[in-house]
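Visitor: I grabbed these lines from Swiss-Prot:
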type	residues	note
MOD_RES	T16	phosphothreonine
DOMAIN	21-176	domain 'PID'
COILED	159-200	coiled coil
MOD_RES	S223	phosphoserine
Amino acid sequence: MNRAFSRKKDKTWMHTPEALSKHYIPYNAKFLGSTEVEQPKGTEVVRDAVRKLKFARHIKKSEGQKIPKVELQISIYGVKILEPKTKEVQHNCQLHRISFCADDKTDKRIFTFICKDSESNKHLCFVFDSEKCAEEITLTIGQAFDLAYRKFLESGGKDVETRKQIAGMQKRIQDLETENMELKNKVQDLESRLRTTQVSTSPAHGVTVMSPSTDIFDMIPFSPISHQSPTSARNGTQLPPIPSRSAETKRDLFGAEPFDPFNCGSGDFPPDIQSKLDEMQEGFKMGLTLEGTVFCLDPLDSRC
């Protein structure tokens, strides 16, 4: 384990061991950001990182952006960086991965530490701005490191695996919290879309269905082009169309009226022929069909 805080041994620790081992010490600060560095420790290394992040801060400030505020939770297990209001964990720097910590002697507001990222294995330098607590925060991290190192020596390294498991569980919890936050945002977005859809399909915003106009008797006006469905007979077949009647009597191409066997003359026929004609006329009225009936109309022709 790296003894990066040996230069702070002459300092008097500010907190009780129980406060750092069983709980954590919270601090508020402004987070300037983090940047990759070449070495795991060194004053010149952090000085270059501070200069780089300060320059980036001035650019953001000129653009009207504010430096984000964060909450630091320091314990023997590491340094957590959280969003102050939501308590969402932004970074979880495990203590055994922190290799260097120092406050800036030229700027009493600035403090920094170097931590090795667990995923990329790159060394990242975190820089913070605290108006009154920069040196105190640095000492608190040093005290947490000292207590963790003593526990390591007392246990003979037996608790290293346990702490690795705890660190893995903390990482898993952090990932689940992040996933939970993303799911909440998605649910809120879907609810917002659903409300928008319901409003757009409401009667006030929908298409009004126009009912057909009616006359003063609440009846639909007659339209000569409207389709009239043919009336069906009882057996399901359609009735024959009603023949149209002309205003005038139809005539043939010679101008004569069509032949009518029942009205061809004003004379009387012999009784036998007249009875036959009456029988035929009555049969036609009753729908009689003629099939193979043998009769002669010669006397009729002689009378017409």
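Cβ atoms are placed via backbone N, Cα and C, with glycine included.
The structure displayed is predicted, hence computed values, not measured ones.
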Visitor: Near the residue listed as 'phosphothreonine', how many other Cβ atoms are within 10 Å of its Cβ?
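Guide: By my count, 11.
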Visitor: Looking only at the coiled coil (159-200), what is the mean pLDDT?
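Guide: Averaging the confidence scores along the coiled coil (159-200) gives 79.
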